[in-house]
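To start, the structure under review is shown below, and the notes come after it.
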Amino acid sequence: FNRXSPGLQGVSSVPLRTYADQPIDADVTVIGSGPGGYVAAIKAAQLGFKTVCIEKNETLGGTCLNVGCIPSKALLNNSHYYHLAHGKDFASRGIELSEVRLNLEKMMEQKSSAVKALTGGIAHLFKQNKVVHVNGFGNITGKNQVTATKADGSSQVIGTKNILIATGSEVTPFPGITIDEDTIVSSTGALSLKKVPEKLVVIGAGVIGVELGSVWQRLGAEVTAVEFLGHVGGIGIDMEISKKFQRILQKQGFKFKLNPKVPGATKRSDGKIDVSVEAAPGGKAEVIPCDVLLVCIGRRPFTQNLGLEELGIELDPRGRIPVNTRFQTKIPNIYAIGDVVAGPMLAHKAEDEGIICVEGMAGGAVHIDYNCVPSVIYTHPEVAWVGKSEEQLKEEGIEYKVGKFPFAANSRAKTNADTDGMVKILGQKSTDRVLGAHILGPGAGEMVNEAALALEYGASCEDIARVCHAHPTLSEAFR
């Protein structure tokens, strides 16, 4: 949060309040405290705006910190350690363990403590930067007014010059299947299962589906993912990478059923669930029994009951709020960022938009290149990409060249005995400019940031090749 616009020094002197009966006056009121909202609120305060942030949940941080990115990464990391110790991996390295036991309760405790520390960190940053935190459901009750309604029915009115909607997204419901967060779960329930299911069926093999499926597969569940799209990894993934990724996951024990539809699921008297799967082309219809059904068919913008209709702000066909390049809605002092606007539903995209949006309010330049926003799947191996895929380049008629390097030929990957995957760079044929980077392998989520930097700076493939990389490192494969 160090970027500052000229002539906007100092911070707000508004004292911290979590709730008040008297009306509050603000320069900027942010609705939502997820990665986009809390970052925007802090930045606004640092730029000298009197800032209020409204959050409907008890804890700050939104989906990402509480029931998304953060807890899932804790479970992915710890389940990977268990998988290494429980399988043959440690023995092959000369580490012999007589007995490995899973303490799921302890694993969940570690996840929760990480979440608690990070959400508490936001509260500390709010206090440090004089951001007023109001707990309640934010409703825009006028062009310059937001009303926050608390769980007990009491309300707080905020008079404000600018309003920033950062309410994020929610799980997309599946027609005909009711989520109870017990045996039929969304990503939220899948992060807090009380025991490892014998059989887990995942509807959707996108980013969230393969990540959470991997967690429980490593801990001992038999996992089957059913994906209508016909490929693994969701939208945006390069197809060559997707096919290799699927093969690696299958080798780990993950099962996939691609192309079929799921018309519904039925709970049996013994508590098990029968998942109906329609016939895919060339296949046959079947019923897959499971202990837990995880529904991962994506997320939708959270825009209900915000008061948008009353203000004349209409949503697009996908439920998103239309904005201009400065993130303004049709009402110039009401802005929107993150999952409620167009673009990938990613925490880091929302963060960037939040900072840039408030800098724009302060008179600064507003620019974001969505082609430089990286995506990561935090399985093992990881998958990461930024820029264009081969499929996109073909569709756009851009002539390109491909550079590939397998981790099997990388010294560090060899010494780590972790050689699955490859690095794939796409460059423009005529100019040598980097157009996209696709990484499947250990540390892909870290390495992709080098690619994002190259894209942002307009680097050529030769520019990257001429940068001296330390040896032996995994990132040499990128060069």
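Note that Cβ sites are derived from N, Cα and C of the backbone, with glycine treated the same way.
Annotated NAD(+)-binding residues in Swiss-Prot are G204, A205, G206, V207, I208, G209, V210, E211, E227, V262, and among G168, G283, G298 the one listed with them is G298. Figure note: comparing Cβ neighbours within 10 Å for the recorded positions K150, K404, H471, the maximum is reached by K150. Comment: NAD(+) site residues G204, A205, G206, V207, I208, G209, V210, E211, E227, V262, G298; largest CA to CA distance 20 Å, whole number.
Residue pair T167 (FAD binding site) / G298 (NAD(+) binding site) shows a Cα separation of 16 Å. Cα-Cα distance from K394 (N6-succinyllysine) to G61 (FAD binding site): 39 Å (rounded to the nearest whole number). The Cα atom of D339 (FAD binding site) lies nearest to that of G206, taking the binding-site residues G204, G206, E227 as the candidates.
Each of the recorded positions C64, C69, I208 was scored by other CB atoms within 10 A of its CB, and the lowest score goes to C69.
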